[in-house]
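Per TrEMBL, the features are as follows:
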- 1-363: domain 'Major facilitator superfamily (MFS) profile' (DOMAIN)
- 21-42: transmembrane segment (TRANSMEM)
- 48-76: transmembrane segment (TRANSMEM)
- 88-109: transmembrane segment (TRANSMEM)
- 121-140: transmembrane segment (TRANSMEM)
- 176-200: transmembrane segment (TRANSMEM)
- 212-232: transmembrane segment (TRANSMEM)
- 244-263: transmembrane segment (TRANSMEM)
- 269-287: transmembrane segment (TRANSMEM)
- 308-329: transmembrane segment (TRANSMEM)
- 335-355: transmembrane segment (TRANSMEM)
Amino acid sequence: MRPIGGMFMGYIGDTYGRKKALELSIFLMAFPTFAMGCLPTYDQVGWMSIVLLTVVRLMQGLSVGGQLMASLVYTIENAPRNRWGLHGSYVMSAANCGTLLGGIVGYVLTTFLDDDQLHSWGWRLPFLAGILVSLSGLYLKYCVEEDSAHLDHLPEGAEVENPIKIAFSKKNRRSLVASALVPMLWSGGFYLCFVWMAIYMKDLVPGAPVPGAFAINSFSLFFSLCLTFPLSGLLSDYWGRKPVMILGASLMCFTGPVMVVLISNGNPYIAFIAQSALGIYLALWGAPMMAWLAESFPPEARLTAVSIGYNIAQAIAGGTSPVLATVLVDQVGAYAPGAMLTVYGLLGLVGLYIAPAPIDSIESRGIMHIGDTENTILQ
């Protein structure tokens, strides 16, 4: 559902405004999440519980497909042009903080509730709390003005062309393929390094389990991603997107597998350092990537195109990486998942290589940055 949701939300955002797409995606996440906490069990209504669960999950899939990219495009288009890297990184950093918060909630529930309480009613609490997300949607709806700057270049009264058609047009085809390849390093790498890795440290390492695996995972997520994302985004505003991204991908390709070996040795301190290193590599790639995606497409189809590309990468690399890593451990060996990081890095670099020059980059506008000074070169 993610690619479909991305296309749907992208169409809404490019046709009717970024704010409307963001509002819709927030409410489509808040209310189905709350509804999930209210669902009857299989013992109560039988197969109907499965149908209801499927419906709310499909609605969430529509939301997830457009929410992150709608947040990204809305944020950077309202940011100073020479700080798109920094402001784009805030969006993903906030998403990482949300992942961290989810881990904390899970830790609190498992600490203060026993198994019977969790199975009977405790599991519902996080879902019921999801209704609080709607408050941000209400704030957007009533306190934030709509921004239609992405259509300012069109003649007055001109009809807005279908953004899906623009996204798949011949002139944007290479950019669309690249936008599906480049995020694979981020999507696959994140799920491997911070969703699956805690399970690996606890249950799948060849020797003794790494003590405090979930705590290590949470702390390294905070220090290596939540905190370093803005720095990586800012670096890309000064040095350019590609140099920072190539640095992150190169480190991941060559040393990522080594970090997996270090994590598996059972020492919690070494595991923390190695996992944090993986997080820094991902930050060097992922933070500039956010602005790079937006700069790769024309404003009138920007949200549609980036949503399609990013969600294809999430579906292919992100959704499959934990399962694939577990199979590799079982069939090949405990260190085999490290090779996945190299593959994801190479896929990302291929996408960066085949991508045409960004049509809305700092360089294409002839803007140089020296300190806080912005000078425009007359062309």
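Each Cβ is built from the backbone N, Cα and C atoms, and glycine gets one as well.
Heads up, TrEMBL stuff is auto-annotated, nobody curated it.
By the Cβ criterion (distance under 8 Å, sequence gap of 6 or more), the transmembrane segment (121-140) is not counted as touching the transmembrane segment (244-263), fewer than 3 such pairs being found. Sequence-distant contacts of the transmembrane segment (308-329) (same chain, at least 6 residues past either end, Cβ-Cβ under 8 Å): 2-3, 5-7, 10, 65, 68-69, 167, 176, 178-188, 190-192, 195-196, 199-200, 204, 293, 336-337, 339-340, 344, 347.
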